[in-house]
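The block underneath contains the structure these notes are about, expressed in structure tokens.
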Amino acid sequence: MGRGQIIMILVGLLCLANESYSDVIAKSSLQMCENTGNSDDPYNVVDQKACEKKLIVTLSVRSGQNGTEFLKAVTNVSKVYDQTEKEMARLYNPFIITLAKTPVKLTYPYYYLAMVNNKPTERVVISDSKWHASGSYHACSDAWDDEDALCGFYTDAEGKPIWDSQGFCCRCTEQEKWRGSFNDKNPYSRAGINCKLFGTQAAAHCMTFDDLWYTVNEVGLWQMDFSIHVKAYDLVVEKVGNKTQSKWVDGGEIVIGPTIRSGVGVHGRLHATFIGEFQSHKQFPVLTTKYLLIPYVSEKVDPKTHPQFRNGPHDYMLIDKHEVNYKSSGPHECDKIGVSFSAFRAQAPMGCSQKQGDCLHNQPKDYFEEDTKRRASGKTPYYFPQKFGKLLGVNQRKDNNHFVLTYEVDEVMTSMVTLQISADDVILIYNRAEGKILRAYAQDFEALSRDGNLYVIVQNIGLVTADFYVVIKECSVGIGKLLEKAASINPQQTHSFTFSVKAQQWKGGDNFCIVQLYDARRKMVDSSNVTFRTTEPCVCASSCGCSCFKNGFKCTKREDRDFTKTKPKDSGLDLGFFPKLWNKIKNVWDTVTSVFNFMESGWALLGTALGLLSLGGLKAFLGFRKTGSRIARFGFGGANKGRVRRRDGSGRMVTMEFNETGDRIDPETKEVIEPRNKKKELLLNLFFFFILPFLLIYHLVGWIRWRMRKPGSEDEEQAGTGDEQGGASPLHNIEARAAVDQFLQPDTIVYHSYSQDDYVAQFLINPGKRFCMAGRMTSLSGPSADQFRFDLLQAIQIYEVIDNKRRRLESVNSLNAHYFSRLLNAEAMIDCLSLKPAFPCLNVNRKRKPKQK
């Protein structure tokens with residue numbers, strides 16, 4: 001084999017979580033020298049010491065191997081023993097190449113999305129109504145943006161109230177009050193309020209937040225992270241004085257892997273290339289369907305003392321995405337992480353019959369406490385990262401500053417590496433040591449669960465670091481197969497192997513497994529028998545409870561009842577309106593009594609009297625002013641203007657006319673026949689608010705009497721008026737009949753008065769506040785002689801009213817005469833018709849100064 005010859009060496013690296021192999025395929029001969037630890041020089045093969053020699057095709061290099069295996073390449077060694085020719089050969093400049101692979105890690109990048117609260121809770125506020133409110137419906141307010149809302153409002157960063165943060169109110173219905181007062185079974189109340197007659201309790205249910213918050217993070221796809229370290233050592237001979245000394249000089253290190261796939265040594269004698277990774281027989285966990293929840297450090301939470309920060313990343317939680325609602329836009333659902341104010345408030349009214357805290361279950365704190373109990377009892381957690389493998393922690397990537405969740409791979413992985421070295425021969429030195437099983441045991445666990453673990457403690461009793469393999473050779477029926485595990489153990493040190501045991505049958509009982517220990521040469525050095533017991537699984541089914549069983553699942557049956565398949569017929573007496581009526585009466589009574597209770601104080605009574613007198617004086621003052629007459633006439637008092645229908649001293653309805661100052665005048669001569677009594681009006685208005693309640697009662701009694709009057713009573717009152725129509729006529733005296741007759745004279749023009757609020761005003765252009773339209777009256781034939789119709793004299797609008805002055809329109813406004821036609825009786829004619837226009841007339845040219853009413 002010529003000097004400087006370039007050969008290709010393919011190295012396949014097989015690794016467990018902390019172990020790796022390298023398979024070397026080369027043309028050079030490989031010699032394996034067994035190092036038993038009795039020599040100070042681990043490379044005694046160079047000094048021609050005795051060793052076992054054979055051709056090596058594969059070489060294992062385990063990550064974290066601590067130098068148990070070396071790939072030693074020698075070029076131009078001075079002496080080499082040729083097994084074929086049975087003689088020594090001379091070689092020069094030997095060198096050593098070592099390969100090592102770090103533990104394989106899976107990194108899961110995660111990205112921040114939102115914040116959710118650790119444990120929203122429900123706060124209940126019980127309230128009784130005050131003097132100004134009666135009944136439980138007034139004791140609690142949950143209206144939006146109501147400053148008196150019993151729960152108050154949460155506000156955002158801008159200080160604006162958050163929608164639905166006011167919670168909801170629960171009150172006693174009238175049926176519940178009746179049932180509570182008569183010792184009937186009262187329905188469950190969420191707040192436990194006391195529902196009885198005259199009771200005023202109500203409860204506000206408010207959602208509040210815990211001091212601890214969690215960040216919600218999106219988890220990305222996993223990436224494999226490891227590195228392969230290749231080192232070269234050159235043997236250099238130096239002459240010091242009269243002595244020749246040799247030493248190994250570090251020729252540099254090449255680090256390759258998924259990120260840096262190739263490299264060259266310092267002296268260029270070694271070139272390493274990472275080809276790729278073989279696929280594992282087992283799929284790695286995919287966490288893209290879950291959110292990573294990380295507790296958030298704030299001023300209100302001390303991470304040194306808070307229990308949910310105690311174990312760092314080991315207490316983070318991986319929750320299914322469908323269990324988290326972090327978006328404020330919805331959907332708003334109860335009993336999910338990130339429950340919103342809208343979801344909590346949407347419980348009403350049915351939520352009042354639910355338990356306190358309903359809608360606020362399945363929060364991060366609940367998941368944390370559940371997994372903490374499982375971990376303390378030796379069971380596999382549901383949500384902690386431990387469920388998916390051995391968690392190493394959270395690291396930060398150097399390339400993009402992203403944080404990644406890091407797991408250690410517990411599976412055999414294979415990497416392919418190509419080495420190009422200038423060499424003639426490769427010598428393999430292989431460490432081997434004796435070992436023994438100190439203890440092998442398994443804890444009892446529940447069948448069909450993932451809580452079984454088998455532990456094997458191994459000790460290296462040799463003098464060098466060596467590899468050991470633990471194989472679970474055989475187990476009882478129903479126990480799943482367990483994968484082989486391996487580790488490099490330092491001299492006189494121990495290592496603990498953990499295997500996950502699964503029982504794949506319902507039936508519990510005694511079980512066993514045989515544990516075997518092998519050394520680096522695959523020679524069995526020790527074995528042990530492990531016994532353990534599995535229990536029947538305990539299953540919890542909805543509405544059936546929990547039970548541990550042996551012969552399959554059974555659910556408790558419901559007691560047979562005679563269920564009604566069709567809607568039952570209505571029966572019995574429904575008195576549901578009584579509670580409503582009683583509630584209204586009680587509310588009025590409570591209000592009245594609260595007013596009287598307030599009036600018990602002498603100062604309050606004096607202040608109220610002065611206030612009522614002041615209001616009466618204001619009413620009288622406005623009555624004496626021209627613009628305030630309407631206010632003063634409310635109730636009684638105040639100036640009357642124009643024509644007014646009222647009863648005279650004999651009780652008959654007559655039409656009275658008043659001038660601008662409120663004095664009564666004669667309709668024909670316009671002379672004052674009854675001056676206005678201002679002193680009387682002033683006195684009545686001063687005490688008006690004192691007698692207002694009695695005045696209202698008086699009018700109420702009069703209205704009731706009018707409603708209860710028999711149909712014939714009006715006819716009897718009208719007897720003797722000369723009306724032969726049997727009482728259908730509303731005319732009560734000769735004066736009224738004469739006025740009606742004037743309106744019905746042939747060719748007589750009458751004027752119909754309107755206001756801007758009347759229906760016909762919408763068809764006119766700027767009619768003003770009060771106006772009139774000229775027309776004629778027609779007597780209609782029928783069962784009653786007092787039926788008349790008003791029709792427009794001409795269906796056009798000639799004038800408009802601007803600033804209380806009549807002005808001619810630029811063009812005539814055509815009108816629909818049908819809208820202005822109106823059927824009138826005698827009383828209506830007297831009220832709205834006149835022979836002279838009282839207000840500006842809009843459809844005739846007659847000019848007359850209008851009278852302002």
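Each residue, glycine too, has its Cβ placed from N, Cα and C.
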Checklist entry - With reference to Swiss-Prot, which of the candidate residues CYS359, CYS475, CYS555 participates in the disulphide bond with CYS513? => result CYS475
Item to check | Disulphide pairing with CYS172 per Swiss-Prot - partner from CYS140, CYS151, CYS169, CYS195 | outcome: CYS195
Checklist entry - With the ranges 604-624, 814-834 to choose from, which does Swiss-Prot describe as transmembrane segment? => result 604-624
Item to check | Coarse DSSP state, helix versus strand versus coil, of CYS206 (disulfide bond) | outcome: strand
Checklist entry - About how far apart, in whole Å, are the alpha carbons (Cα) of CYS352 (disulfide bond) and CYS172 (disulfide bond)? => result 10
Checklist entry - Whole-number Å distance between the CA of CYS151 (disulfide bond) and the CA of CYS170 (disulfide bond)? => result 12
Checklist outcome for this item: In this predicted model, the topological domain 'Cytoplasmic' (625-853) has a mean pLDDT of 74
Checklist outcome for this item: Rounded to a whole number of Å, the separation of the Cα atoms of ASN529 (N-linked glycosylation site) and CYS206 (disulfide bond) comes to 60
Item to check | Entries of CYS195, CYS334, CYS475, CYS513 which, being disulfide-bonded residues, have CA atoms within 10 angstroms of CYS170 (disulfide bond) | outcome: none
Item to check | Least Cβ-crowded entry, counting other Cβ within 10 Å, from the disulfide-bonded residues listed as CYS334, CYS352 | outcome: CYS334
Checklist entry - Taking the Cβ of CYS513 (disulfide bond) as centre, how many other Cβ atoms lie within 10 Å? => result 22
Checklist entry - Quick one: Cα separation, CYS172 (disulfide bond) versus CYS513 (disulfide bond), in Å? => result 66
